[in-house]
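> One structure, as structure tokens, below. Some questions next.
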Amino acid sequence: MAAIRTKPDPQIYTFEGFGSSRYPNLMLRGAGELDNWRLQVYTRKWEGYEACRKALKMEPAAVTAEVKASDLRGRGGAGFRTGMKWGFMPKDTPERKVTRYLVCNGDEGEPGTFKDRAILEYNPHQLIEGMIIAGWAMQCRTGFIYLRGEFSWLIDKLEAALQEARDAGYLGKDILGTGWDYDILTYRGAGAYICGEETALLNSLEGRRGEPRVKPPFPASVGAFGQPTTVNNVETLAAVAPILRMGGAAYAELGTPGNTGTRIYGLSGHVKRPGLYELPLGLPMDFILNDLGGGSSTGRKIKAVIPGGSSAPVFDAKDFDCPMDFDTVKARGSMAGSGGMIVMDESTCMVQALLRLTHFYAHESCGQCTPCREGCNWMEMILHRIEHGQGRPADLDLLASLPPRINMRTLCPLGDAACGPVESFLQKFRPEFEYHIEHKSCMAGAKSILPGVLAPA
Amino acid sequence: MNHPLPPETSDVPLAPGERLPRTQREKLSPEAIAKIQSIAAQFPDRMAGTLPALYIAQKEFGFLSLGAMKEVAAALGVPEGHVFGVATFYTMFRKKPVGRYHFEVCTNLCCALNGAADLLAKVIEKTGARPGEGPSPDGLWSVDEVECLASCGSGPCIQINHGVFDEFVDEAKLEALMDACRRGETAAWGE
């Protein structure tokens, strides 16, 4: 008997106004309800596959135009415009010469990010519907859902949902009488964070080591199996059906200009009500933290928040009023990234927090590029000795000198991702690091959060 | 170019102080080979079947020895060196035996902020297995520290074989889970 999650996910909370036209619930619909993944529930309760039927009656170019009109930006982290990305796929090449692929990036491995799991677990048909619409828009033959290996318990559910869609005629040969053949296959990764990077993901999908590729050529021209490929995040593809259903222009009215629609924010760490919140872009961080998240879970003040997954530069208290959209967060020196917000109260030792994050990047570096492979390990080593009372006065300058030597000097952004926390922690919490070196103890004075491999012997 | 692997009896170390242990099985079952080949046939390139095939082999052999990797290469018709390279790249392909119930404790930042260190210490104490050191003497448990399991909002989190368990607010939940394992209510590794 396989282990089964027996209760609704406790992480999903609601609040007054949730589901209204101001805060529409587009992607987490029915999340937490155990039978929500079934096709009949999706069809009966959520107008399932209506958007798909509508899209299949439109010209593929018109579907792309609708997504362009919605101004949807990729929810995986980079915030690239989805309609524009779809537009990069070659259109006029005869099918006997190319096979176009759509790949759904479900390799959710960034600490603080847990939004895609909820969609895959509770709303797989919305993702499948989005993939059918995207596949039609780009005239793909096959779609792949690349899931991280740890989601083995989700694969069965996803396979069952795909089979339901096949049985209902939404996948397979001659979909809904259009003459278009299209199917979706799942592919399970095997535990490498780097496979979330699109070219590493494609290598992994081809059965190789998940090492990023040199770009150009970009996946739109040479992607999976050497064919034109578009890679989109789970949340991005899950947003496609609502866009088609409500119309691109109506979707663009949500959020702020240039940062349209809703996205799922994940709250974790020292926060009273951690969980997933689907909200229009542009709401201030302190509203999400305090009004929805309930503020600190420990009764102590919140000292720092990482706003968009662990690779985003950290915010201190003066930035908590920042509107959470791609452009404003970037202008304030961080990135909205994947929307995973990690909250740390004032008892958190920032040296330990940074050491834990840097250990992650050093562990997950694929080793292909020397600046990332050596640099991440070096940063971890320096932080390790600062944390364990062996820091030297020159260590902080040495540490600060490393990110400029890693940033933008690697094939993929993993090296840059490791540098964001280091630079921002040093910039905003330098006195804590100096205190550690000088006093060989922690300014915050709290108990160590470091487990196993990082704890002192 | 095919880079064949050395015979399994080789004493050449993989890493300082580390050698791939041997498995008791020597051959993949005909059903496993048929499954590997049918999966590989779904893709435009047989090589794409490498990861699924390694999972199948891992289930059959318990972990991936050199012999298991060679079997996968033969079943797929791809170079042995390629299979070895892939198997050693990914952390979920086990190069050493694990216990019947394999505990993977997430110790990344979100879980760490909510007490992952204490949870890991409790798991080590109760199972008698140490991270990265193989199964406990009774072969029932093994423990590893892992990076993020995408349960950040409800950490600290443990994955036991194929099940994710989170919200460890007290020790009782860990005890209950271990009891469920002892009673065989959770799938054993490889089932």
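Quick reminder: no glycine exception, Cβ is built from N, Cα and C everywhere.
So TrEMBL lists the following for this protein:
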- B:1-27: region 'Disordered' (REGION)
- B:Cys106, B:Cys111, B:Cys148, B:Cys152: [2Fe-2S] cluster binding site (BINDING)
> Specify the count of other C-beta atoms within 10 Å of the C-beta of B:Cys111 ([2Fe-2S] cluster binding site).
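The answer is 33.
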> Looking only at B:Cys106, B:Cys152, which of these binding-site residues has the biggest number of Cβ atoms within 10 Å around its Cβ?
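Neighbour-count leader: B:Cys152.
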> Give the three-state DSSP assignment (helix, strand or coil) for B:Cys152 ([2Fe-2S] cluster binding site).
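DSSP call for B:Cys152 ([2Fe-2S] cluster binding site): helix.
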> Short of 8 angstroms on C-beta distance to chain A, which of the listed binding-site residues (B:Cys106, B:Cys148, B:Cys152) are there?
B:Cys148, B:Cys152
> Around the C-beta of B:Cys148 ([2Fe-2S] cluster binding site), how many further C-beta atoms are within 10 angstroms, looking at every protein chain?
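By my count, 29.
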